[in-house]
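This report refers to the structure that appears directly beneath it.
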Amino acid sequence: MAAASSCSASVGLLLAAHCALLLALAGAASAGGGVALSSAFYDASCPGAHDVVRRVIQDARVSDPRIPASLVRLHFHDCFVNGCDGSLLLDNDLPAIQTEKNVVANNNSARGFPVVDDIKAALENACPGIVSCADILALAAEISVELAGGPRWGVLLGRRDGTTTNVESANNLPSPFDPLNVLQEKFRNVNLDDTDLVALQGAHTFGKVQCQFTRENCTAGQPEGALENLDEATPNLFDNKYYGNLLEGRAQLPSDQVMLSGPAAAATTAPIVHRFAGNQQDFFRNFAASMMKMGNISPLTGSDGEIRRNCRRVNGKGY
């Protein structure tokens, strides 16, 4: 099994728990009748894929320090709708394709699409028709976290791209204003538990948010689109200070603070917040594991879907 060989080759870099999860995810995919994702998927067909993605992101973040956080968010918003199939990247092609980019959770908020285009163009130059847009989002998320000082993990690859969107599901993405019970339900619906919820919300340790979505809302004279740092202490670093902000009641988003203040928080999410606030390595381990679980939500593999030549268009459209 490719996943097993990847684990044995990476003992110096990956924790045992990480490897165990990798094997469990690969086994689950096989047991479900699909083709298992593998960290070695492109080793023969596009061995430089990781380096290509990394180089484009490094170049992009020089002029836009927000890009790493934005790319992580794209992967999250893709996987929660139709599974991790790159559907978020599709532009309008009516009547067949109605873009997910215009729903409330994404409109004027989800960003980084030109960087994804640049990554795709570089990969098409290096190994045409090989790397899917869905896998680009998964790779970009891991590389972005690592470049910002966060954990590394062996990204499982082999997803193919969807040819449809799901606007109804995109309209039900986790919201900054969701109470805890609603957040927990939305995560459970994609087989993610409370630990995954608290860990993945930790991605708010870097990046920015429009003031209209914050707990304080916008100050007098501040336009709704004005940007605030999600973590005022270390806004461009991936660390565990986000959880310290929660303990001090200083989370920017209502949906973050409810993990301590929600009616069921004391028995569910609050102990995990305290744990991550006190141990950055524990947070890093769990964040990596949860990102791998999230990346395994209903991937298209084998002969399903396609490998888009342009991440914004289904093949055969717009050429």
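Cβ atoms are placed via backbone N, Cα and C, with glycine included.
Summarising the annotation, TrEMBL assigns domain 'Plant heme peroxidase family profile' to 36-315.
Positions annotated as site 'Transition state stabilizer' by TrEMBL: R73.
Among the features that TrEMBL reports, active site, proton acceptor is placed at H77.
Under the heading Ca(2+) 1 binding site, TrEMBL lists D78, V81, G83, D85, S87, E100. Of all Cβ atoms in the protein chains displayed, 26 besides its own lie within 10 Å of the Cβ of E100 (Ca(2+) 1 binding site).
Residues or ranges marked as substrate binding site by TrEMBL: P174. Using a 10 Å radius centred on the Cβ of P174 (substrate binding site) and all shown protein chains, the other Cβ atoms total 19.
Summarising the annotation, TrEMBL assigns heme b binding site to H204.
The Ca(2+) 2 binding site feature in TrEMBL is assigned to T205, D231, T234, D239.
The record gives D78, V81, G83, D85, S87, E100 for Ca(2+) 1. Within 8 Å of the mean position of their Cβ atoms, the other Cβ atoms in that chain belong to H77, C79, F80, N82, C84, G86, L88, G162, T165, N166, S169, A170. Excluding the listed site residues T205, D231, T234, D239, the same chain places F206, A233, P235, L237, F238, N240, K241, Y242 with Cβ atoms within 8 Å of the centre of the Ca(2+) 2 site Cβ atoms.
The Cβ neighbour count for S87 (Ca(2+) 1 binding site), using a 10 Å radius over every protein chain in view, is 27. Cα spacing between P174 (substrate binding site) and V81 (Ca(2+) 1 binding site): 11 Å, rounded to the nearest whole number. Between the CA atoms of R73 (site 'Transition state stabilizer') and H204 (heme b binding site) there is a gap of 9 Å, rounded to the nearest whole number. In this structure, the C-alpha atom of D85 (Ca(2+) 1 binding site) lies 23 angstrom from that of H204 (heme b binding site).
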